[in-house]
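Worksheet: one structure, shown below.
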């Protein structure tokens, strides 16, 4: 029993280190929200975040309160935050309730994919943490990039069929159907989702890949890493027999830039457009 | 071949083993065991309330417990909220779930007259988890005309489904084991493994159908968590446990009689079939409702009865009530570990339980093998 007490005491030590409070102490529960707070220049107010917060590098080094869907109330409380920001995926719901009942300010933003919802979230978070000007600036920047690309997209004669592959480790490979962040991004970047028969994600099958006949395979950078580079993508079942496999067209973009709908959304749209349409004459 | 040899040899060796236990095993008076368990529960209770985001002193805990609130109002997070909203519900829920699973373990081991079975191991808890998951996916996809309160995770129908799942698996295994003579049977364990495999495949199929949010709910069933504790769930589980404890005297007498063998029990005047059905229903109720609330936590129903049998002997009259305390103690320790070991995030409690339980199970098997006759 004594050992248990000393062990428990030892484990509780970090809690006592975070002592004084007064200014904003923010815990972010989502990678995109973390990125927004850092982009608004308030990164030093963040005292903890979840394991999906992978950008910027400063965010990675902060104490982790678990994955956004598997949070623990005590863990968040131990960081003595006075503002908790998350997207609607934050949970389990009981934990969010517990945090609210402990008198903490918890704000949950919608997590819909799309330019407008993303901009709204940036503005709302900016207002909440006293960085409205910075938020306006980021929003204007995204709007500018978005409308520039949207104009180019509207002039396109043909759009490539893009297959989004989400891949982790050797066993889990899924493709994105409609109403997913990837589907929205493909549209914004001037492509067409090669699979449109279902909503959400489905495991990949060789037959389905061949039937979709994608011109381009789109994959988040981390997924590409876990496949061991572009060769891994072409070795996925069925990919070799598609136009993308024959022309060796794989586009890899950082996970959060591609799917986060955060402050780097404009950059993401630009990157996508450029890699979908490399020979467009008015490319900058 | 192996099975038939086991069948013929097992009843004798089993009674011999039990006699041996009765002579040598029962060294500790039950009252002492209860006292130790009660003190242990009290101790772990204090520790659980003490540790977490903010460490409280025993004095502070007592103050909140007695007065219901704390004197210091300028605290960032009031101690009363810390205790009553966060730590107490978890503590009570983990104790209740532990008590339910451990006593269900005793019931199922008594029913199948096999000390090596456990609700999770032979597929009863996975069956409950499968039924609960099925409910989550289908109630939201197909029963769209249902009112929202009756769908998904928040509805009491979830508990009902989990109960039905546990019940059907137990009855199925019961039928299988009866066909094999009802005694210690390898077929039962093998059937349990088959049920488990089927359940895993069906869960895989469900995860294919589920959307992202549902998928997270499904993975939750397989690992278990106490983070979902709320007083509402505690009342529900508490009521179920209370209901079952009323049947403890009947269960204990019945299971003791069954231990002699079905024919013997019948000839000494017990209604064997009624005892068996009652045991199955009550054990499934305990397992189903616990699993539906906090996910699949394995091995509690194996470890606790085993340790208690070592100190108390195999009599169900003391074993059943002691398993309540023992299960509560074990899961309270597991939960305290789960939420402090990876602080500020937490581990799923199922990982801790299986981490202790797996090696312990191996130890049991090796021991049984050493005693020869019970295992081959």
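Each Cβ is built from the backbone N, Cα and C atoms, and glycine gets one as well.
These features come from TrEMBL:
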| type | residues | note |
| --- | --- | --- |
| REGION | B:1-23 | region 'Disordered' |
| COMPBIAS | B:1-11 | compositional bias 'Polar residues' |
| TRANSMEM | B:31-49 | transmembrane segment |
| TRANSMEM | B:91-112 | transmembrane segment |
| TRANSMEM | B:156-177 | transmembrane segment |
| TRANSMEM | B:183-210 | transmembrane segment |
| TRANSMEM | B:231-252 | transmembrane segment |
| TRANSMEM | B:280-307 | transmembrane segment |
| TRANSMEM | B:347-366 | transmembrane segment |
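Scored by C-beta pairs under 8 angstroms, the transmembrane segment (B:183-210) has its highest count with B:156-177, from the stretches B:91-112, B:156-177, B:347-366. Here the transmembrane segment (B:280-307) has long-range neighbours at 93, 96-98, 100-109, 111, 115-121, 124-126, 128-129, 131-132, 158-159, 161-167, 169-171, 174, 220-226, 228-229, 233, 236-237, 240-241, 243-244, 247, 251, 319, 323, 326-327, 330-331, 348-350, 353-354, 356-358, 360-361, 364, meaning same-chain residues at least 6 beyond its ends whose C-beta is under 8 angstroms from one of its own. Under 8 Å from some Cβ of the transmembrane segment (B:91-112) lie the Cβ atoms of residues 41, 45, 48-49, 118-119, 122, 124-125, 170, 173-174, 177, 185, 188, 226, 229, 233-234, 237-238, 240-241, 244, 251, 255, 258-259, 276, 279-280, 282-284, 286-287, 289-290, 293-294, 297, 300-302, 304-305, 316, 319-320, 323-332, 334-335, 349, all in the same chain and six or more residues away from its ends.
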